[in-house]
Structures are given as C-alpha cells and as structure tokens.
Amino acid sequence: MQGKGKEAQSIYNSVLQRRQKKGGKDAADEGDSGNGLDPSLVAVASNNIVAFNRDGNVFDSKKRMRAAMADGLEHRLTSCQRAYIALNNCLLTYYTNQHANMSTKESKLTFLYTELNRLGHNGEYERAIKTANKILHDNPDEGKAFHCKIVSLIQLSRFQDGLQFIQKNTKLSSGLIFEKSYCQYRLNQPQEALKTINAVNTLTPKLKELKSQILYRLERYEECLDVYGDIIKNSNDDYEDERETNLAAVVANLAITNSERELPDLRQHTYELAYNTACRLLAEKKWKETEAKLKEAERLCRETLEEDGASEEDIEEELAIIKIQQAYCLQMQGKGKEAQSIYNSVLQRRQKKGGKDAADEGDSGNGLDPSLVAVASNNIVAFNRDGNVFDSKKRMRAAMADGLEHRLTSCQRAYIALNNCLLTYYTNQGDQCRQLCEKLVQEYPELSSEACLIQASVLSREGKVEEGVKMLKECNVKGNDTLKLRMLLASAQLLLSEGKLKETCQVLRNLGDTTFKPGVVSALVALYLASGDREGASEVLKQAVDWYRKNKAGAGDLRLLWRHAADFHLRGGDAAVAARSLDELLRLDPNDTRTMAQLVIAYSQFDPKRAQQLSKKLPPLKGGAAIDVDALETSNWTMGTKVIKKTAAATGGSKEIPSPGSKPTTPGEDLLLRTKQKKTRKRKGKLPKNYDPESTPDPERWLPRHERAGYRKKKDRRNKDIGKGTQGAATGASDIDITKMQPTATASSPNVRHESPGIEGPRQQQRKVQQKKKKKGGKW
C-alpha cells in the first residue's frame, strides 16, 4: 500500500515457496494450501500478487488466482476478502482480453471507473490517464473521465498537455474553470488565468485562493489584499496560518511600493510571519528594528524545523532567505564588508556539498532557490562597483540566468538590468553599455533617467562632454521636477569635470528656486571665487538673501548661510548687504550678542544713528571699572598679553605696595623687572677632552679648510700635468712656502687677496677662488 510492490512480492513468494523447500508441490500448482500453511493465507497472498501483477505476467496471475479461489475457502475468508478476490478475477479476465465474461457494456464501464478511482487514490497517475483514455475511447462524452484525466496531467506537472486538452474539448471542459486557470497560472500566463477566472460570475473558495495568487504574481497588491481579506473572513479550516503568511507578504510589498492603504497589523508567532514583518520594517528603513526582527525569525525557524526533525542542511536552506535579507539590511547601513561575508557564505554552500559554485554556470546550486542566488549576486555586484570586476561578471551571470523572469519581481529585474549597464560602464565597454541602456529603457521606462545618466557618463569618458550635456538636457523626464533637477546637476558636474567653471555657474544659476538652496549657493560662491569673479559671488549671496527675505523661509538650516553671507560682504566692503543678513540672524535670535555687535559694526559704516541705537542694547563690559586706563596706555605691550595674563594669574592678582620714594611703574615694566630679578641657573659649558687652557686657540678654526693658510689642494690624475711647461708655469700661489712663514702670519688673513677692498666675507672669497680655478683649468 506504500508503493513498495517489489519488496511485498518478494515476501509473498518467500512464504508461498516454503512447501517446495519441504519437498512438496507448490501451493499454487494444484490450488491447495501446501503442507502446514493455512489455505486462507495462501489465498490472500496469491490475490495480492495478482493485484501487483496487473496486466503483466498474466500466466503467473492465472496460477495464483486458482489458489485464491480454491474450494473450501468460502468459510475461511471474510466477505470483503472474497469480494476483492472476485474483483481481481474480473480484472484478470479483462487483462487477458477475455471479454466474454463481461456481461454488458455498463459493467465494463463500472469496472474501469473502479480501477480509475483506485489508481487515483494510489497516486498512479500515468496508469490513471491510460484508464481514462480507455473510458473516453468507448464513451467520448464521459465528463468525469475527462476531468480525472486533466487532474492526473496536473498532478504530473504536464500543464501544457492539460491546457491543450481543455482547449480542444470545449464541451467537456466547460466546468473546468479552476483547472484551466491553474494550468495557465503555472505556465506563467497570469493575465490569461485572471481573465479566465473573471469570466465566472460567482467564485468558489478555491477560485478565490487562485485569484489571490494570480494578483500577487501580477503585483496588484491592493486588489490581492482585498481578496485575502474576503477569504480569511469567510473561511474556517486548517489553512489559517498559510493564508495569514500570504497576507503578510502582501502587506510587506505594499509597504515597499509606498502604498497609501492602511495596512493591518498581523501576528508574528511563526518564522514566516516574523520574516514578512521584517520586510515591512525594511521598506520603512527602520534598520535596527529590522535586524532584531530578522534574528527573531531566524531563531523561530531553527526551533520549528528542529522540532520537525529536519536535517541541518534543510535548516540552512530554509534560513538562506533570512540571512540574505540580513545582509541587505547591513549593506544599506554602510556595513558592506559584513554583508558581503554573509552573501558569500550563502552562495558557497554548494561548493561545500561538492558541487560547482552557484555563480560559475549561472544556476542556483543544490537546494538553493535561484531567485535567492540572483538577488545575492546582484547585491554583491552593487557592493563591488568598479572594483573586482571579474567577480562582478561572474555574479552577474548568475543574476541574469534563464528562467528567473518569473521568479523575481519587476523591481528586482529592473535593478539587475541597471546594474548590468553599470558593470559594462565600469569595464569600459562603451558600445555594449549603450545597447544595454537602450534595452533598459524599452523594458523599464521608469529607469530612463538612470539610463540617460549612464550614457552621458560614457560620452564624457570618451571626451564628448558637450554631447553628454545635450543628452541630459533632452532627457524625457515627463514633467518630473526632481528628475529634471537631477539631470541639470549631472550636466553641471560634467562641465565642472572639464574645468568649464563659467558654463557650470550658468547651469546652477538657471535652476529656479533651487538655485537659492544653501548647498547650491555654497557651490556657486566657491566656483565664482575659484574663477576670480568676486563680484559674481557677491551677487549670488545678495540674491539669496533677498530671496529668503521675500519668501520668508524657515530658519531650519539657514543660520549658517546668513552668517557666511554677512562675513563675506563685510570683508568685501558691502556693509549694507551684510546688515540685511545680520538683521535676519538677529530676528531669528534677538539675544545673540555676537550678531548684534557685528550689526553695529556694519551700520556704523553707512548709518551711524542706527549703529548708536543698537549699541545701547549691547550688554555692559564686565569689570570695566577696575581697569587703569593710564596703565594701559603706558604699559609695554610688546611682550604680548598672554605673558602678562599668565604672570598675573601666577601672582594671584595681588598688587605690591611701593615703598616711599620709589618710582611708580606700569604693569609691563613691573613684569620686566621681575623677570630680570629672577635668578636663572647657569650651566657650565662642556670642554673638549684634550683642551689645554694655556694654549692659544687657532684663530682660523672657524674658517673652511680650503680657506686656511696651510691648505694645499691635492692634485688628481686629470690635473697632474698642469704647471709643467712654459705656459702657466709661474703662479702666485705655488711660490708660497708654508715652512718659511712666521708664526704671527696666522693672526691675519693667509692670502693677499683678503686685503682687497671689495671683499666682505668668506662667501665672496670662495667665489674668487673658484673663478681663478676655472681660469687656470680652462682650455686654450
């Protein structure tokens, strides 16, 4: 009954052949029971062998049937056993084409339906299809047989054959709406499947379940949410958890698509529900909450599967989707290294099992969903960017493997295609990048702006900046102001990369109200100053100040702008413009004394009355009465205020009382006197080891060696012949005999050249020696 017929037949035969081993005849030969074996057991075993043989080995089945229907067994078998033996006898006669035993056509049809029912319950769908074909051959209008045939084809995953039979036999398939739509759904024809279901006026519960799945596949999540709400409301069976899990998946996708629908709060008692809740938090960019929820889902998944007795490999395969989502959460928080480690650990599981790497051939690996491999590979490519392009190419092949178009959402497929375009850009494949960008725009028009940016970057890399800027300006953004601004800023970046500052400023000045954003204003000022146009920078700041005053913009991030504008105009001499910026700052914070002081300085240059009025609002100076003005005027401030303050702090601020008749001193002079009176420790200088205090030091000890009196230049091989012969034989320096000089000659300069009036120091003496040396060693 478990489908292990071979093993069962072996046991039957081993029992029935015991008589032969004892020296008797086979129990099936004469229809008796054999020595010592209960005839009822022989009958039951023989009948079961006949049931297993079916239409094969009919000769053995006939012999076994004789043993099963031997005389005297009617009192040893139950009525049920006798009935099945009689039924199998009829089947045996049918298999042996002995139709004469069949009384009528109706009995044959009944027999075939009985056989069809038994095959269906046993899961033998191939034989069930053959039996249904026999029924339809003799009775073409039998709708039940046709229905059983379609169900058997669906169970065998032969959806195309099932759909073809349904379409060919419209009369018999008029009521098979569920089977037809299910075949269309499994053949990746969701639009046709939904159309088939919508043609029905009243939907049965199973049609509603199928419709919800189709709407989810079509990414019509709001309609799917309504259908699931109706199903859960009107159903009460054992599939409540599965429906709630599907509903949680719909809610998560609605959060990802930024739907305005009010989303229900669901339970989180299973790992599937916890995972879908984490996906919803991920769509809301709540990274920390998402990490905690994914860890909870991982824990629940492991506990649930361990209770069910799953192996460690099965647990890891089920945890793969949770781990990849954890890696994505880390990657979005800038923790790319940790995310990449998790991606690689999931994708390398096949190698640990002895297979190929999932990215080598573009397949999914053992037991790993191909969609998970595609998502993880794409995220690795996004992390690699322009680094490790060889690994990125391998990963991209896995992300774009065949058959994934129906396993991934349209958003996932779009971003994989976009990353493929970027990969070709990073690898300097300009022509292929253009082709992929054109294909991207055709398949996913919503990414046309990204494709335009990539193509413009390709043109800029090829030195065609003007063409790239033109493409960005002509990019079709369909009235989307955000995308239009993005294109203009990108064109400004391209122009700036070529050093065209004026053109870049023109683009930024033509952004409308965005021109007065603090970031854009800062960029414009920097560009104008870099190009030496201070007036242009001043004009930008003036316009920004006037625009914010006119539009009365909030003070969220404008304080810094006002401050820098005021400082810039004060340094440039535009006190009136600086005063307007400082007025805005003072309006935002009336108690800011720094702003008020700057405003007084600004107004003092063109409106003294206003400056005087504002100066009255400044707080008084603290400790002003204790300052000695005369002492400040007469003090020596060349020492610096830090030294005086430090000394005053060291003395504790106390003042000494001068003695009678002493001369008054200022604070600075008093400090000088104190520093002179301060005893300093003098260290004894170090002397050479061989120092003789009685000997007179050499007065030439500080001169370079080549300038001393006893210096004689060594002749090298190149100059060994100089001085020989008639030319240049008489030189003033060579006639001096150092041994005949008096000791007192060392007190003065050793050469007559030092007495010339034009020589002031050793640097000029060195230059004269070099000039004479060049003259002596010159060529004639």
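Every residue, even glycine, has its Cβ placed from backbone N, Cα and C.
Between the listed ranges 112-139, 168-195, 280-307, 532-559, TrEMBL ties the annotation coiled coil to 280-307. Non-local neighbours of the coiled coil (280-307) in the same chain are 248, 251-252, 255-256, 263, 268, 270-271, 274, 314-315, 318-319, 322-323, 325-326, 328-330, 332-333; each lies 6+ residues outside the stretch with a CB under 8 Å from one of its CB atoms. Shown for the compositional bias 'Basic and acidic residues' (698-710): DSSP residue counts in helix, strand and coil, namely 3 helix, 0 strand, 10 coil. Across all of the domain 'Signal recognition particle SRP72 subunit RNA-binding' (664-713), the predicted model scores a mean pLDDT of 70.
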